[in-house]
Amino acid sequence: MSSLSSVDPQIAELIKAEERRQADTVKLIASENYVSKAVLEATGTVLTNKYSEGYPGKRYYEGQQVIDQIETLAIERAKSLFGVNHANVQPYSGSPANLAIYLAFLQPGDTVMGMGLPFGGHLTHGWSVSATGKWFNPVRYGVRRDTGRVDMDEVREIALRERPKLIFCGGTAIPRTIDFPAFAEIAREVGAVLAADIAHIAGLVAGGAHPSPVGHADVISTTTHKTLRGPRGAMLMATADEHATALNKAVFPGLQGGPHNHTTAAIAVALKEAATDEFKDYAHQVVVNSQALAEELLGRGFDLVSGGTDNHLILLDLTPKGIGGKPAAQAMDRAGLETNYNTVPFDPRKPFDPSGIRIGTAGVTSRGMGVAEMRQIGAWMDQVVSALAKDQDEAERVITRVQGEVRELTSRFPAPGL
Ligand code: DSN
């Protein structure tokens with residue numbers, strides 16, 4: 001970063017500080033990961049200089065000789081990795097990708113059905129503060145209070161009553177396998193478009209560690225930077241030609257201008273990496289690690305929503321531990337354990353001060369950590385949370401000790417790309 005250091009030493013120093021922070025902490029945020037050096041290199045290139053409105057072979061700017069090849073490679077790799085006929089790699093991120101689905105298939109005021117945000121859905125699945133909840137008519141499903149899992153009979157009942165035109169499955173805090181065939185059957189029955197938002201689990205789907213929505217969902221949206229381990233971006237995929245045409249028009253010119261070509265190149269690199277046997281092993285290890293961490297936490301008296309996990313993600317309700325999610329996440333962050341506080345189903349507390357925390361194993365698995373390290377992480381989480389619930393001085397001592405131990409662990413597992 002020699003040029004950056006001389007032009008803007010302040011920003012250069014801050015980037016280095018963030019790199020050190022990432023190196024020294026255990027990243028347990030379920031939606032984050034570490035991209036490879038190759039992906040990082042692709043993002044920091046001259047491709048950022050180019051405008052490419054349109055699609056390969058049909059652009060509104062000249063000079064696309066190289067960009068067309070890059071975008072075509074990204075598209076072909078997405079199609080081959082996920083087994084779909086069409087892929088659009090231009091959405092700027094997950095929310096714009098999901099907005100494109102609305103624009104492609106709905107008119108303002110139409111009914112959309114999605115999982116409620118506090119149950120694990122996403123803002124763009126029709127939550128009230130999102131444009132999708134304001135400009136469309138949202139209806140919601142959740143999870144059962146007794147199991148913490150989606151009840152497909154209830155989903156069917158709501159769909160038959162409300163007749164949504166679009167149904168979303170998937171979300172941001174779902175620790176269990178998504179039943180794509182069951183959602184598809186309901187969508188067929190009510191004549192809705194089924195959108196599978198696989199942002200969280202795309203890497204697991206690509207690696208064969210979670211069932212694929214292909215053959216069930218009409219459209220699939222995903223970010224590229226979570227378990228898929230690519231740059232910040234998104235993709236939309238479909239099998240039927242008419243769905244793909246509608247999605248392409250919705251992305252451009254419906255919602256976006258020029259694609260971010262440096263991101264497209266990095267997505268192409270990540271998709272190449274995700275097609276390797278090494279990535280398949282990675283995806284399976286993510287789940288093994290998540291289940292080991294879940295088991296450790298259960299053994300230590302934590303309350304896990306749905307009682308465990310089938311994927312990379314664990315949602316903890318800290319109510320029985322006597323503290324809220326926010327102070328727990330803040331204390332853990334000081335100890336070097338990075339999480340986010342999160343609402344839990346039927347949460348009596350407010351979203352900015354909820355009862356839970358959400359954790360995931362995509363990042364720690366990218367660092368090469370395994371079951372033994374998950375057990376250690378579970379123990380540290382317990383020590384910090386238990387001390388915090390007891391008394392502040394004790395919590396300070398524990399945080400300082402755990403921070404030192406975390407540093408020792410992270411130094412043995414260097415993160416990719418750093
Ligand atoms: N913000 C993402 C997450 O953390 O899951 C979803 O958009």
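Think of each number as a place in line: the chain as shown, counted from 1.
Every residue, even glycine, has its Cβ placed from backbone N, Cα and C.
Automatic, uncurated: that is what TrEMBL annotation is.
Listed in TrEMBL:
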- L117, G121, H122, L123, E242: (6S)-5,6,7,8-tetrahydrofolate binding site (BINDING)
- 4-381: domain 'Serine hydroxymethyltransferase-like' (DOMAIN)
- K226: N6-(pyridoxal phosphate)lysine (MOD_RES)
- H225: site 'Plays an important role in substrate specificity' (SITE)
- request: Only counting partners 6 or more residues apart, tell me which same-chain residues put their Cβ under 8 Å from the Cβ of G121 ((6S)-5,6,7,8-tetrahydrofolate binding site).
  value: G114, M115, W127, R140, F168, G171, T172
Query: Of all the Cα pairs drawn from L117, G121, H122, L123, E242, the residues the record ties to (6S)-5,6,7,8-tetrahydrofolate, which distance is largest, in Å?
result: 30
- prompt: Which ones in the same chain are close to L123 ((6S)-5,6,7,8-tetrahydrofolate binding site), with CB under 8 Å and 6+ residues apart in sequence?
  reply: S95, L117, V129, S130, T132
Statement: Looking at the recorded positions H122, H225, K226, the one with the fewest other Cβ atoms inside 10 Å is H122
- request: Reduce the DSSP letter at G121 ((6S)-5,6,7,8-tetrahydrofolate binding site) to three states and note it down.
  value: coil
- line: Looking only at the domain 'Serine hydroxymethyltransferase-like' (4-381), mean pLDDT returns 98
Message: I want to verify one value. Collapsing DSSP to three states, which class is E242 ((6S)-5,6,7,8-tetrahydrofolate binding site)?
response: helix
Field: L117 ((6S)-5,6,7,8-tetrahydrofolate binding site) CB neighbourhood, other CB atoms within 10 A
entry: 24
